[in-house]
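As given in TrEMBL:
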DOMAIN    9-75  domain 'HMG box'
DNA_BIND  9-75  DNA-binding region
REGION    70-97  region 'Disordered'
COMPBIAS  80-89  compositional bias 'Basic residues'
DOMAIN    94-162  domain 'HMG box'
DNA_BIND  94-162  DNA-binding region
REGION    162-192  region 'Disordered'
COMPBIAS  172-192  compositional bias 'Low complexity'
Amino acid sequence: MGRKDVNKPKGRMSSYAFFVKYCREEVKNQSVNFTDFSKSCSGRWKCMGEEEKQKFLDCADQDKQRYEREMSHYVPPKGMNKKGRRKRKDPNAPKRNLSAFFLYSNDERAKIKALNPSYGIGDIAKVLSGQWRNIGTAQKAKYDHAAVMDKERYVKAMAEYKAKGKNKKKSSSSSSSSSSSSSSSSSSSDEE
């Protein structure tokens, strides 16, 4: 979830950010308190005239052009949008299938919580994983079979979901083309 696209262009900097960078260069070899440095920079920025700020405003404009140029050529990785965020999951999409362990966990979690009310989510997960390792093959086979059935349910539901999506696209494109053809036929009849 926290993966960052290394190919994404570096964000644009504001004129104030360029000014702070300039100030940082002035005190490069000195040990400076960050709070004092920030207050000093903001005070100097407020007191500066427009002609003094112009150098930093020009740098910001150039950086904005660089950023827009790089973003026009940037192609986000699959599953991400241009801002680097994941695409929203369709709430109508079918729920993913559960593994045998998750089906077992769903059955046993309430029992463990009842026996150990002070346990948190992590503690319960540790107990469940320990139990899962130690249960017999017959009981695991029951959950494996249930997982296979759930996988079949998911595949079937996903096929129906995708078919509905294709039908919506077809119906919306055919209705728009039929409305445009009817409007063109009515305009041709008006010309006669």
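Including glycine, each Cβ sits where the backbone N, Cα and C put it.
In TrEMBL, annotation is done automatically, which means it is predicted and not curated.
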Check the DNA-binding region (9-75) for me and report the mean pLDDT.
89
Within the DNA-binding region (94-162), residues counted as helix, strand or coil by DSSP:
56 helix, 0 strand, 13 coil
With DSSP as the reference, give the number of residues of the domain 'HMG box' (9-75) in helix, strand and coil.
50 helix, 0 strand, 17 coil
